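TrEMBL annotations:
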{"type": "DOMAIN", "residues": "9-126", "note": "domain 'Hikeshi-like N-terminal'"}
{"type": "DOMAIN", "residues": "153-207", "note": "domain 'Hikeshi-like C-terminal'"}
Amino acid sequence: MSQPLFGLVPAGLPVITQPTETPSQTSFIYGIPTSPKSFSHVVIFLLPGIVLPSDTAAAIYLVTPPDRAQGQEVPNSKFLGGIGPGKESAIFKLNEASASGGQIILGISIEDAGSVASRITELQAAKSSSAASGSLALVPAGAAAGQGHQQPSTLVLAQRIIKNAFNFLSSFSGQAGQVEVVPMKAFEDWWRKFESRVRSDPGFLERDD
């Protein structure tokens with residue numbers, strides 16, 4: 001699959017659409033560049049017009065280096081959740097050690113939808129039995145305590161990004177049979193404008209304009 005399938009938006013950083021590596025047609029590796037601005041959440045979504053193969057979903061993994069001290073030879077993969085039909089986007093929380101360290105590696109694998117759903121259920125059950133939030137991906141407003149001055153929650157920022165994209169792309173939508181589609185070029189135009197505004201006014205998403 002040469003066309004980008006997914007978009008990743010680390011909180012406060014530019015969107016990423018091109019994978020760093022593509023081990024197979026159903027596996028994608030995204031390296032999030034190091035940044036002086038720390039973050040603990042990432043939004044992952046299907047790009048406009050992308051539909052996953054029938055009965056599949058995208059499983060999201062946090063990939064960490066092998067622990068050589070423990071004799072590990074291959075990287076570790078931690079299942080974070082999934083997206084797919086009916087849930088085309090979600091917010092995932094990274095652990096503080098990963099968010100504050102060096103480069104963060106995320107893996108996305110297109111897998112059987114039933115298997116992904118089963119692991120999501122197991123993950124939710126594990127979280128609900130602990131003091132953590134019972135939600136897998138959508139973080140309740142205010143769940144991420146701001147450090148320093150008060151900032152909008154990650155969910156609010158993600159909603160503003162999605163709203164900004166929707167308002168721009170809605171005028172480009174058309175019909176392909178019974179399906180409403182948006183040209184990929186329109187998304188690219190939106191991103192160029194969005195990126196330009198982020199560079200000229202980094203705090204605009206934190207204001208409810």
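Each Cβ is built from the backbone N, Cα and C atoms, and glycine gets one as well.
Caution: TrEMBL annotation is automatic and unverified by curators.
With DSSP states grouped into helix (H, G, I), strand (E, B) and coil, the domain 'Hikeshi-like C-terminal' (153-207) comes out at 39 helix, 6 strand, 10 coil. Residue counts for the domain 'Hikeshi-like N-terminal' (9-126) under DSSP, split into helix (H, G, I), strand (E, B) and coil, are 21 helix, 52 strand, 45 coil. Per-residue confidence over the domain 'Hikeshi-like N-terminal' (9-126) averages 86 (mean pLDDT, predicted model).
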